[in-house]
Amino acid sequence: MRRILTLLLLFNVVRSSEAITGGVVNLRPKQIINSVGIGDRFGGIGTSSDESDHFKLLAADGDSLLVGARNAVYNLSLSTLSVNHKIDWKPPAEHIEECIMKGKSKTDCQNYIRVLARKSAGVSLVCGTHAFSPKCREYTVTEFGIRNTRQFDGQGISPYDPKHNSSALYVPGTNQLFVATVTDFVGNDALIYRKTIDETPSSKSAANIRTQSYDARVLNAPNFVATFAYKEHVYFWFREIASEAIDNNEEPQIYARVARVCKNDKGGARPANERWTSYLKARLNCSLPSGSSPFYFNELKAVSDPIDAGNNNHVVYTVFSTPDSDVRMSAVCKFSMKKIREEFDNGTFKHQNNAQSMWMAFNRNEVPKPRPGSCSPDSTKLPENTVSFILHHPLLHRPIPSVAAPLLVEGADRADLTQITVLPRVRAVGGHNYDILFIGTSDGKVLKVVEVDGNATVIQSATVFQRGVPIVNLLTTKESVVIVSADEIASLPVHNCAQQTSCSKCVQLQDPHCAWDSSIARCVHGGSWTGDQFIQNMVFGQSEQCPEGIIVREVFDDNESEAQPEAVSRSGYPKEHSTITVVLVAAVASLISLIIGAFIGIRVNRWAATSEPHRSASSTSGSDYDSFGRARLTRHDSLTTATKVDHGFVPQSKQSVDATSLVMSINATHHPMSMSQHGSGINTPSRDKNAIVTSINQNTLPRDYKVKKVYL
């Protein structure tokens, strides 16, 4: 039943994507790059091949890249990925033994560094899992090297499990750390937490504030994806089980969320003095619209930093996917921070009267004032009804829609999209600026995508790691993109213009980094693009200025190494894989496999039911006779009875037809033919042809001739 429902959803995708995206899905890259083993690489130090470093990109500071790893923090050169400094921090042996006794593996019972913050010049905060007993340290750079100056409990700051999805943000100047993680050994108590880090152990701590424990209305088994500060708020992006939604099978649904808190939130009056008074969350809507039944991408996987979009607005690029199923899809959606702020500031709240009632919009006239969730100069003085309301109604009623339809949709025959980073406002020939997206996949590739007038073009697909190694972090600089897997880090250039050797192919890339220099006849990378010798067309990917003129464009299959000619439509654009083609092929394949599986199961059950009571040595595998000596009907045998065989030398008489039919194959010349020639699985005894015919004409068979009976 679940598979049939999945197929029905696929047809909904077809209808939605045909109407919204013009039938384009699985956009083919303009060029393919195999970068496995190429470029600067870092693979850890002192880690065996069967151990994982669980690399996590923590920060970029000038020319330094700070990476958390297994029992270590690496300070890498951003330009070469060589090691500038390394801090070793391994748990004591007794902590590892205690962790193992609690049921964890020796691999997990190490110290995986998950949080790092630069507090001030020369002082860094480092936190790790520390054998499922999180700890934090402050390291200070002195003239004698890097020294550990302080260690304290990291509960609520670092996760326990290195595989747990968590995020953290240090706000300079406030000495506060905003964290989204779990605070117990088994990972059930999820929280969004603000921790004030003391400069000295004796200094007075400000209020540490967190979300309520074990309250599904606030957080329900979340997977945290990203955290960043924007104006007076801190935003948390995650996915969780939606308390307000249950599907037709009464199974939990995963929804994508964005939540926010005020930076200056001091908590409420007692007993809510350690609870947020500004915590709100809303659902994110990344979907293919189709009337009353959109196709949703519900699972948030990655979020970019806010990108300046002009007009006092920023946008955020995100990666979504559908839940695990036979047909899994991914999408890239863009959200406006201005729209998000408007919904948080003015949106309707959602509420449920009791556990059995439906979730509904809360009556605006009954919302207390000041508005719950708004920032207050001193939240401890807020009215009790305002604080109580926000503790019980943190969810907004309306989902926050993406900016238009998804920019990019990857179908079931593609790898999942896992990470995203953006190189903003790249200048093209002519002075226009474009955002370039670098998107990681679950099979070790990085897609380079440009957005032109709201449409996505996949410029390049680069294979960075061996197939099956997911991309877990991405970082861009002006000239390079840093790609992180669990056990390897690579740095590659942001462009590969020199791969194209003709004007038409260079222009076809639609890459703002690349243009054809007619003065030297090369595809070059530039920044200022001064001069009129540069040929580029970001909108159509074709130019009459090229010596070749406008040619039939070539697109690349990302599974092949060579270009394949692609037909050009009347508009001049190449035809991509149609959504109807990709999705229907997947749907038909799934349906056929379902039917074949059911058919085989029925046949096996029938065979087992009939053969079990009569099992004997004679009923061996491969025999064409059952345990009673009766011939089995094979799939190669004809069911045509003797009365329907039209040949001249067999007399038709009632006596020659009874419940037992002789099955014989007659060729075009009306000569009896050995059944073995039809691949029946047995070899008919060699007989004289004339003797057989004579016997048949006399309505008899030779005594040693075997007859195959068919019971109808």
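Note: Cβ is positioned from N, Cα and C throughout, glycine not excepted.
Annotated features in Swiss-Prot:
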{"type": "DOMAIN", "residues": "28-494", "note": "domain 'Sema'"}
{"type": "DISULFID", "residues": "Cys99-Cys109", "note": "disulfide bond"}
{"type": "DISULFID", "residues": "Cys127-Cys136", "note": "disulfide bond"}
{"type": "DISULFID", "residues": "Cys262-Cys375", "note": "disulfide bond"}
{"type": "DISULFID", "residues": "Cys286-Cys333", "note": "disulfide bond"}
{"type": "DISULFID", "residues": "Cys497-Cys514", "note": "disulfide bond"}
{"type": "DISULFID", "residues": "Cys506-Cys523", "note": "disulfide bond"}
{"type": "TRANSMEM", "residues": "582-602", "note": "transmembrane segment"}
{"type": "TOPO_DOM", "residues": "603-712", "note": "topological domain 'Cytoplasmic'"}
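Among the disulfide-bonded residues Cys109, Cys333, Cys375, the residue whose Cα lies closest in space to that of Cys497 (disulfide bond) is Cys333. Less than 8 angstroms from the CB of Cys262 (disulfide bond) sit Glu232, His233, Ser278, Ser374, Cys375, Ser376, Ser379, each of them six or more residues away in the same chain. All protein chains considered, the CB of Cys136 (disulfide bond) has 22 other CB atoms within 10 Å.
Among the disulfide-bonded residues Cys99, Cys127, Cys136, Cys333, Cys514, the ones whose Cα sits within 10 Å of the Cα of Cys523 (disulfide bond) are Cys514. The DSSP secondary structure for Cys506 (disulfide bond) is helix. Comparing Cys109 (disulfide bond) with Cys506 (disulfide bond), their Cα atoms are 51 Å apart once rounded.
Within the same chain, the residues at least 6 positions away from Cys286 (disulfide bond) whose Cβ sits under 8 Å from its Cβ are Ala256, Tyr296, Phe297, Thr318, Phe320, Ala331, Cys333, Ser402, Pro406, listed in sequence order. Within the set of disulfide-bonded residues Cys99, Cys506, Cys514, the entry lying nearest in space to Cys136 (disulfide bond) is Cys99 (CA atoms). Over the domain 'Sema' (28-494) the predicted model carries a mean pLDDT of 91.
The secondary structure of Cys109 (disulfide bond), as reduced to three states from DSSP, is coil rather than helix or strand. When other Cβ atoms within 10 Å of the Cβ of Cys127 (disulfide bond) are tallied across all protein chains shown, the result is 26. Put simply, of the disulfide-bonded residues Cys99, Cys506, Cys514, the one whose Cα is nearest the Cα of Cys127 (disulfide bond) is Cys99. Long-range Cβ proximity for Cys506 (disulfide bond), meaning a same-chain Cβ under 8 A and a gap of 6 or more residues, is found for Cys497, Gln500, Cys514, Ala515, Trp516, Cys523, Ile535.
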